[in-house]
Amino acid sequence: MTVIATSEGRSRSAVGQGFPVWLGLAPFALVLAVLFAAPVLSLLRLAFGEGAFTLAQFQRLIDVPVYRSVLGTTFGIAGLVTGLSVLVSYPLAYVMATVGPRTRNLLLILVLLPFWTSALVRTTAWIILLQSNGVVNQLLMAGGLTASPIAFVYNLSGVLIGMTHVLMPFVVLPLYAAFRNLELSTVQAAESLGAGPLTIFSRIILPLTAPGVVAGAMIVFMNAIGFYLTPALMGGPGQTMIAQMIATNINKELDWPFAAALASVLLVATVSLLALFQRRFGLDRLIEGGGGKAGEPFTVTSRGRSWGGWATVVAAVLVAAFLIAPIVIVFPMSLGSSPFLSFPPDSYSLVWYENFFSTSKWMAALTRSLQIAALVVVISVGLGTLAALGVSRMRPRWRALVETLFILPMIVPVIILAVGLYYLLAPTGLVGSIWGVTLGHVVLATPYVFITVRAALKSFDGNLELAALGLGASWPTMFRRVMLPGIAPGIAAGAIFAFITSFDDVVIALFLTNIRSRTLPKLMYEGVAHEIDPTIIAASCLIILVTILVLGANLLVSKRT
Amino acid sequence: MKKLLIAAAVAALLAPVAASAKEMTFASWGGAYQEAIRKAWITPFSKESGIKVEEDTGPDTAKIKAMVDTKSVTWDVVTGGGGGLMRGVKLGLFEKITPDMVKTDHVLPGARNDYAIPSEIFSTLIGYSTKAFPATGAQPKSFADFWDTAKFPGKRTLPDAPETVVEAALLADGVPMADVYKTLSSEAGLKRALDKIRALKPQVAVWWSSGAQPVQALGSGDVVMALGWNGRFQAGIDSKLPIAMAWDQQIPQVGFFMIPKGAPNKAEAVAFLNYMVKPENNARLSEYVAYGPVTEQAWASIDASRAANLPSTPERLKNALFLDIEWWAENGAKVTEAYKAMLKE
């Protein structure tokens, strides 16, 4: 133990034998250069004039106050949603780390459920729950808790509820992984020295889980900046976000130079914000955390749960209820017979399920979405893991720069990438095939894998690697036998995020698929300007049911063996 | 082996024949709308002409522009609204359609366009809850009633984009129909419209962004009056939601079919447009959605009960102010900025 401890200082700089940095960085860098930088830049340069150089678009941005205020709103909402997501994720992640495997897996399914419902279905369910004659207000008024309905939706609270609901899983998963990496002995030591629950949380849990939180919070923040469906449907006019304006200028106004200017400003602002954050709080140091993980993983100490622990459990139950509330009402809604959604439905029927199975387009689109998502997971897990390995072996000087470059696809509005990719891929004939949309999704999904694996690598003990190599293992053997098991949770989280990114995308599919290659979300969005076809609710229910069955069966099998 | 060779030779001979079988691709917005077009026009047109029509979805103007720019146009006919049409024309995205290609003398003059053939007329008007305003009492009739919160109390919903709202505001404020766009063109006139909307803001519970929202909000009772699309209100009424429409004042809009520049099967596209705009054919769409025909001659093929739900009857067009798509192409960006700023206050 002491020997290893003295080599600690060296271990982080000494690694690199057998694994060249370029091998890690090159594949993803190449993909980014061709499928991201080239198409995006070709569109963004329109902001500076087609032909002669001009800053007229930026002048308009400055002259018209509404754009500045929308930019402010965007960052404000993204910040609030990030804060809320972290706040509500702690109790849940804590409970997940301290219960038996059965309950834990159950909670895991729960956390992932919002991911499996289309954004359209989710927001519709929330509105039906929260509108002034909605389920929640009716319950509150029946219980005498309020005399007149509370305005939960069509304002800021609606946006925060809708966005936190779907983004918080991005924090829960890495945070749970961080909790698992905590050493029980640390907490036991603190307890025996008389630390109360609050002290333990602020002095031990908070700093040691910071890497997971920072990774999750970064994902939430950058994701939130690009949101526009949820704010448009659940918010009021005060919550218009910049992505919505960019999409309107691309699609409706056909003012691409101005859309490019808006996107450029958003990009620069987000990157500066990240840089500022990094300088002020030392992102790298925060992520660094961890250390030797030889001890027992974190769980409830032998003293049982403290009052703080129990309070957290109560909070976690509330958070769990928040997560499943809209999903629970989706099931009865899918059984309503009216094409206008209500809860509870006036009369019941299976007509939307019949519709799903009798019209071949729904099954075809679902199958295609699954195919594409599977391809995306395989490719992006490979690219992202290699990139994370490469970056962790880089000199610190360049690391921050490369890290930022690698997560840029999360910041650039998807519609800019989608249009750029169309121009790039149209001559190759890939538009309309499943490969065009797959490549687009790989660009979007790989940064998620990169971030989660990077976080996992940071809390991976370099001494283990050194020990294995020192004992004569080749680098590939060491990777397979020592490192891979260590960072597996990070890879798994990344794979899930990559799957969701592909499975939920509408914008790339809108531009790069046709009727023969359309994905399920694209099919769901067709005609949405006019109507919401309740078949999409039935489709969501089926996906949820299948997910629960598969995960549940997995649970049973793993329990028996 | 010999048999295979012969089969291959036969196939090679047949191939050009198969390729020359006439076909075209039609792209629209999917859902109930495209299904109505399929039943009313695509299927009967294919049967009559022998031209096979492939369907696609999602003809966003941005995607049309990308197709035209990269010379990879796969669509022969696309559908769109006036806004998309005008912006596309400015960027040269659509083929010009001359009278010797498609005859449009019989089409309503306000609906004609050099780069598109009008397909249907839909309308923005007041939908209201019959629970809040039953037939036994006063029911809203005009845009002035929409703004009259003393006579018709309760929450409203308005679109989150300015098209049709600024027009309705001026009409409610007493501006004659003929002067609406002239008034809006002046700084003071636009301010007058925005002030009128600003005054109603506290009563507007929802600023809607998708056509399904106003119907949903009326159905749930979250609002009692909505400015929305007649086809959507009708769908709500057909599903027995307590909704009625005020037909006395409305802002009709035209739906268009266009041919993207460089469409691979232009001749077939022209044949399809000719078929679609013929009065007896044009009348057929209203069997499936509550959109009106673009020519007066179509009414001969539409019975009275169906006409009662359609916006473009000669009677109803008397009190209708057609959305001026050229005015919006000119002023849209500026007015949208002012509207968004007013909403954000």
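A Cβ is built for glycine as well, from the same backbone N, Cα and C atoms used for every other residue.
Taken straight from TrEMBL:
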- A:21-46: transmembrane segment (TRANSMEM)
- A:66-94: transmembrane segment (TRANSMEM)
- A:71-277: domain 'ABC transmembrane type-1' (DOMAIN)
- A:106-130: transmembrane segment (TRANSMEM)
- A:150-179: transmembrane segment (TRANSMEM)
- A:200-229: transmembrane segment (TRANSMEM)
- A:258-277: transmembrane segment (TRANSMEM)
- A:310-335: transmembrane segment (TRANSMEM)
- A:366-555: domain 'ABC transmembrane type-1' (DOMAIN)
- A:370-392: transmembrane segment (TRANSMEM)
- A:404-424: transmembrane segment (TRANSMEM)
- A:430-451: transmembrane segment (TRANSMEM)
- A:487-515: transmembrane segment (TRANSMEM)
- A:535-557: transmembrane segment (TRANSMEM)
Among A:106-130, A:200-229, A:310-335, A:430-451, A:487-515, stretch most in contact with the transmembrane segment (A:370-392) (C-beta, under 8 angstroms): A:430-451
Range from A:21-46, A:106-130, A:200-229, A:430-451, A:487-515 with the greatest count of C-beta pairs under 8 A to the transmembrane segment (A:66-94): A:200-229
Two-stretch contact, the transmembrane segment (A:21-46) and the transmembrane segment (A:310-335), at least three Cβ pairs under 8 Å: no
Intrachain neighbours beyond the transmembrane segment (A:535-557), with Cβ under 8 angstroms and 6 or more residues off its ends: 102, 105-106, 108-109, 112-113, 116-118, 120-121, 124, 327, 330-331, 333-334, 341, 352-353, 355-356, 359, 362, 366, 520, 524
For the transmembrane segment (A:258-277): best-contacting stretch of A:200-229, A:404-424, A:487-515, by Cβ pairs under 8 Å: A:404-424
Selection from A:310-335, A:404-424, A:430-451, A:487-515, the stretch that has most Cβ pairs under 8 A to the transmembrane segment (A:200-229): A:404-424
